[in-house]
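If you check TrEMBL, you get these features:
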- Asp30, Asp75, Asp211: Mg(2+) 3 binding site (BINDING)
- Asp30, Asp75: Mg(2+) 4 binding site (BINDING)
- Thr46, Asp47, Asp122: Mg(2+) 1 binding site (BINDING)
- Asp47, Asp75: Mg(2+) 2 binding site (BINDING)
- His54, Asp262, Tyr320: substrate binding site (BINDING)
- Gly121, Asp122, Arg146, Ser213: ATP binding site (BINDING)
- Asp214: Mg(2+) 5 binding site (BINDING)
- 28-138: domain 'PurM-like N-terminal' (DOMAIN)
- 150-298: domain 'PurM-like C-terminal' (DOMAIN)
Amino acid sequence: MTFGEFDVIETYFTHRFAQRDDVQVSVGDDGAVVAIDPTEDLVVVTDTMVAGVHFDANTPARAIGHKILAVNLSDLAAMGAEPRWFSLALTLPEIDEEWLTGFSTGLKEMSEYYDCSLIGGDTTRGPLTITITAHGVVPKGKALLRSGAKPGDWIYVSHALGDAGLALAVQQKRLAIPDQHYRKVCERLFFPTPRVALGQSLRGIASSAIDISDGLLSDLGHILKASRVGARLSLDELPLSLPMTESLSQEQALQLALTSGDDYELCFTVPESQRGLFDTLVAHAATKPICIGRITSDLNRVVLELDGEPWQLPAGEQGYQHFAFSSERGHDGQS
Ligand SMILES: [Mg+2]
């Protein structure tokens, strides 16, 4: 059900975007045709962003274009996949040329940087909603899963946590921080960096992986459940940015780092036997993951320690529940 007097997808997107050589038929037919290598497995991910739920009206259009592809590429990274192609379903309340230009610019920057081609799309009229389905590849049998963690494996995160949650808390006037810090954390909320190269380098090394979209505890919980294990985290090791450490109390910073969503960092586990190889690999990498704990045999249980003492989150802090912009989030308003 296309609307408008011209084709939005062709006008703003396909004709402006670079295409990979392996795209045989792109937008313009009933479906796309891409060439697949028989030595590879196809990894398919999808993510939706809804205005008023995942972003508010003040979010720049370019940031929305960047982020909707970034969150999909982050899922591909968590699977160890190399991005290849994506399709876009765009539901728009109206044809706003300025918004479409900004949005398609953010999307194009990500698409071209990660060499992931737009191969299909559809526009409908309705409340602003954006869905991307992205496709990536891994060598056969090499996809990173949530289910492979074993007791004794080391737990890593790819980068500082909590910045996006801090930006959101300031936006919603739940916290106040200096302007220069706010600008930095807004960059992290609006323009997250999917850890695509790191994810691919973890193939054959990490025993499990996930990307942190809903908060570390919540997403690590998915690994623990799928792998039937527990975890012990040393909160002294949790990587925190300067805006976090300089403008918040330790408790506020830890709460955000553990429970706020939208960071799109990777959380993964490395067996002791692979640690030497892993250390060599990250010695030369742009992203330096940080070891924050260890997997235990204690099914689904997470033990938090600070300065060698047990530490607990205030009750009710369990991770982002996809109501960030609704009044229902009032109960955990201080996070
Ligand atoms: Mg994910």
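The backbone N, Cα and C atoms fix where each Cβ goes, and this holds for glycine too.
All TrEMBL annotations are machine predictions without curation.
Within 10 Å of the C-beta of Ser213 (ATP binding site) we count 22 further C-beta atoms, all protein chains included. Of all the binding-site residues listed (Asp30, Asp122, Asp211, Asp214, Asp262), Asp30 has the fewest other CB atoms within 10 A of its CB. Under the DSSP three-state reduction, Arg146 (ATP binding site) is assigned to coil, being neither helix nor strand. Spatial neighbours are here defined as Cα atoms within 10 angstroms of one another, and by that definition Asp122 (Mg(2+) 1 binding site) has no neighbours among the binding-site residues Asp30, Arg146, Ser213, Asp262.
With a cut-off of 6 Å between Cβ and the nearest atom of ligand 1, the binding-site residues His54, Asp211, Ser213 reduce to Asp211, Ser213. Secondary structure from DSSP puts Asp30 (Mg(2+) 3 binding site) in coil.
Between Asp30 (Mg(2+) 3 binding site) and Gly121 (ATP binding site), the C-alpha separation comes to 10 Å. With a cut-off of 8 Å between CB atoms and residues at least 6 apart in sequence, the same chain places Ile9, Phe13, Thr14, Val27, Ser87, Leu88, Ala89, Leu90 near Gly121 (ATP binding site), listed in sequence order.
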